[in-house]
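For reference, TrEMBL has these:
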- B:124-186: domain 'CBS' (DOMAIN)
- B:190-246: domain 'CBS' (DOMAIN)
- B:274-291: transmembrane segment (TRANSMEM)
- B:298-316: transmembrane segment (TRANSMEM)
- B:348-370: transmembrane segment (TRANSMEM)
- B:377-401: transmembrane segment (TRANSMEM)
- B:413-436: transmembrane segment (TRANSMEM)
There are 2 protein chains.
Amino acid sequence: MLALDQESELQEFCTALNPGRTAEFMEGLDDSDVWRVLQFAQSDRRAEIFGHFDEERQLAMLACEPPVETAKLIEEIPADDRVDLIQGLPTETVDEILPLLPVSERRDIERLRSYPEGTAGALMTTEVAKLAEKLTVGQAFDELAGIARSLETIYYLYIVDDHNLLRGIVSTRQLVSSLNDRSLTLGELMETDVVTALAGEDQESVAETVERFNLLAIPVIDSGRQMLGIITHDDVIDVVREELTEDAQRIAAVEPFDDDFLRIGLAVLSYKRGLWLTILFFAALLTAFALRHYEDELAVHAWLVWFIPLIISSGGNSGSQSATLVITAMTGGEVELTDLPKVLGRELGVSLMLGGFLSAIGFFVALFVAPSAVAALVIPLTLLSVIVCGCLCGVTLPILFKRLGLDPALMSNPFVAGIVDILGIVIYINVARIVLG
Amino acid sequence: MLALDQESELQEFCTALNPGRTAEFMEGLDDSDVWRVLQFAQSDRRAEIFGHFDEERQLAMLACEPPVETAKLIEEIPADDRVDLIQGLPTETVDEILPLLPVSERRDIERLRSYPEGTAGALMTTEVAKLAEKLTVGQAFDELAGIARSLETIYYLYIVDDHNLLRGIVSTRQLVSSLNDRSLTLGELMETDVVTALAGEDQESVAETVERFNLLAIPVIDSGRQMLGIITHDDVIDVVREELTEDAQRIAAVEPFDDDFLRIGLAVLSYKRGLWLTILFFAALLTAFALRHYEDELAVHAWLVWFIPLIISSGGNSGSQSATLVITAMTGGEVELTDLPKVLGRELGVSLMLGGFLSAIGFFVALFVAPSAVAALVIPLTLLSVIVCGCLCGVTLPILFKRLGLDPALMSNPFVAGIVDILGIVIYINVARIVLG
């Protein structure tokens with residue numbers, strides 16, 4: 001279509017389809033062709049389609065086009081996404097674009113940029129329906145009709161006073177339900193018990209609130225209850241996804257990173273992984289010293305060596321199961337700090353069952369390689385103790401770290417692995433000493 | 001308040017606060033007291049407050065109260081949540097309650113119950129604004145005013161024909177924007193390119209679509225494009241959370257479970273964990289046989305034994321980092337099956353850096369314990385090979401399992417650990433043979 005310059009078809013392409021779908025169809029085009037197609041869309045539609053490309057692509061397009069053109073597009077992008085984009089652009093480009101924007105938009109961008117990444121302020125959009133208490137239902141609809149097109153969401157209307165203090169909230173559903181009673185004022189309709197987020201609040205805690213109260217959007221206020229903006233449901237889903245992905249990575253002892261896995265620099269990735277890998281390495285080094293310490297026992301009973309990896313990995317695996325279960329349960333709000341005794345009690349039961357079962361298998365195998373049936377007992381006794389220790393360590397450390405104000409996901413698994421490794425060796429040799437005399 | 005029977009205060013308590021907050025305040029009360037307080041709320045408000053308790057609490061309340069009362073409440077609960085609740089109740093209670101509901105509600109419940117757990121059909125609600133194409137904007141508002149209160153969401157209006165086939169969609173935002181042009185019909189306003197989900201579709205794929213297109217709700221249709229219901233954003237957040245939590249658990253080799261961590265039966269939990277722990281145990285058993293096979297080498301060079309745990313855990317840790325990164329990147333859509341060559345190339349680079357660094361430390365330590373500097377070389381050479389193998393295994397297996405149609409999270413880590421353990425021993429002894437002659 002582009003090659004043939006079919007203007008009306010291109011306009012049709014930009015308007016008839018869902019903007020997400022239009023963007024999908026253009027994935028294969030190169031940046032400048034996408035930009036040319038976008039010129040056929042109306043300005044608000046253009047921003048919407050543009051918003052469905054991934055950030056890397058968006059930045060590439062913005063960087064290539066003349067600032068006058070990009071400024072026009074940026075004006076149409078929702079305030080929260082716009083700030084993220086601008087933060088990704090090179091400083092010179094930003095300096096070229098900003099002066100081309102209207103003053104109010106520019107001030108808005110500057111303000112949003114001042115909130116640190118990861119706070120409610122950085123996540124919010126300032127394009128929100130703010131109305132006065134004294135408006136009637138009828139007047140509210142007239143007002144909304146004028147501004148609806150430029151707002152990201154009109155599903156909640158926020159009622160503010162002359163000083164921009166948040167007084168209450170009216171949902172569009174309530175407003176529509178009251179259509180037969182047009183003289184009611186918003187002040188009479190509004191709910192005054194509004195669930196809010198503070199601008200400096202951590203984004204994960206905001207996401208939790210939105211989830212708990214099943215909200216479509218949450219208003220962001222400053223400490224003086226001034227209404228600053230709102231955070232919408234789509235940003236909340238992103239936060240939840242980010243938070244849980246970071247958890248999974250921390251559990252595997254990787255420092256989380258912002259970039260895409262395929263795009264992050266190899267040196268950065270090596271650093272993010274190497275950090276914890278090195279800590280784990282030093283923990284494992286301790287086992288070498290422990291084994292060296294028990295040199296004599298191992299020389300006499302050479303067959304004990306064969307089971308070292310089995311014992312260590314059984315302890316490590318059961319411990320990492322326990323730690324992961326507790327960490328995910330804490331993230332999901334199922335386990336609180338005060339639940340430690342209950343968690344420990346249950347874990348003891350589970351670990352005895354698991355340990356008992358695996359010990360039985362271990363005993364059976366050991367019977368074939370140990371010098372006597374009594375000697376073979378070393379293996380099941382060790383396995384049972386190591387698995388119970390691993391499980392109890394695994395549930396205790398995350399709860400302990402959380403109580404100390406540390407991130408349970410980040411700290412637990414390396415520590416659990418380190419402790420269980422060394423404990424495994426010590427238990428093993430001491431059980432052997434007792435059983436074998 | 002209850003003790004004093006202060007009726008008006010209780011009514012106030014149920015209406016003035018946000019329903020979620022009212023529920024929170026009542027957390028401490030026992031079931032029958034909560035129920036008594038709820039009687040002071042209006043019926044739709046009552047269902048909303050009730051909906052903010054967790055499922056266990058809801059079931060406990062429903063089980064204790066007379067069916068006539070519970071049926072009244074159930075009528076008010078949104079259709080999708082209601083079905084989940086009913087599936088949690090004992091069969092006798094359900095049999096008592098169902099006949100007390102109006103026929104249409106009963107049929108609705110039966111229909112939703114017929115969709116298997118985990119599909120779009122089981123997640124959807126049937127309470128949705130369906131309007132005819134020929135209505136004008138003004139008529140649509142009149143219609144909405146009557147039904148808005150009973151619907152979970154009115155933020156999208158679905159346009160269906162006489163046979164309930166989905167024709168298009170109008171957002172309330174568009175409708176409000178068109179208030180000054182009341183004679184427009186919905187048919188003229190609607191977008192016809194509607195993003196939909198099929199009733200049998202997997203809930204994770206539905207969540208992905210909703211995220212990609214930033215939707216507030218997605219319509220669910222059958223294969224004949226009949227409009228069945230919608231899935232709302234709050235259910236999508238739940239699905240995303242559930243999916244990622246399951247991923248984290250599978251990575252730690254735990255079969256995911258539906259229940260809360262503190263509430264699941266210990267026998268079930270032991271089974272869910274024991275299954276993979278046993279598979280891992282058998283994999284680790286192989287190392288025992290391998291070590292036994294190399295008995296002679298280990299007897300001559302006793303110091304090699306000391307580094308066994310270090311080598312195995314270095315390989316295991318780096319492999320599990322790689323596997324977790326690839327699994328989370330695939331879940332987040334960053335890595336596709338076709339990216340394998342690129343992923344492998346990058347991983348080779350990272351693993352050489354990580355392996356090189358840890359080998360250097362290992363060599364330094366080995367110098368102190370090995371009989372000669374040449375002998376000490378066994379340790380860094382082994383560490384480097386094991387870490388590179390661990391990383392490459394770690395990224396390959398998840399992609400391979402996904403290509404085979406298996407769940408990458410479930411299968412990868414146990415296999416990676418098993419392969420790396422046994423490979424570690426084999427590499428270790430063979431490097432030792434070459435270096436030590």
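For all residues, glycine too, the Cβ spot is worked out from N, Cα and C.
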Beyond the flanks of the transmembrane segment (B:298-316) by 6 or more, those residues with Cβ under 8 Å of it: 287, 291, 358, 362, 366, 369-371, 375, 378-379, 382-383, 386-387, 389-390, 416-417, 420-421, 423-425, 428-429, 432, 436
Contacting positions for the transmembrane segment (B:377-401) when only residues 6+ beyond its ends and CB under 8 Å are counted: 304, 307, 310-311, 314-323, 325-327, 330, 335, 337, 339-340, 343-344, 347-348, 350-352, 354-356, 358-360, 362-363, 365-366, 370, 407-409, 411-412, 415-416, 419-420, 423-424, 427-428, 431-432, 435-436
Long-range Cβ neighbours of the transmembrane segment (B:413-436) (under 8 Å; 6 or more residues past either end): 250-253, 276, 279-280, 283-284, 286-287, 290-291, 294, 297-298, 301, 304, 307-308, 311-312, 315-316, 319-320, 322-324, 374-375, 377-378, 381-382, 385-386, 389-390, 393-394, 397
The domain 'CBS' (B:124-186) [mean pLDDT, rounded to integer]: 87
Three-state composition of the domain 'CBS' (B:190-246), taking helix and strand from DSSP: 24 helix, 16 strand, 17 coil
Counts of helix, strand and coil residues, the domain 'CBS' (B:124-186), according to DSSP: 21 helix, 17 strand, 25 coil
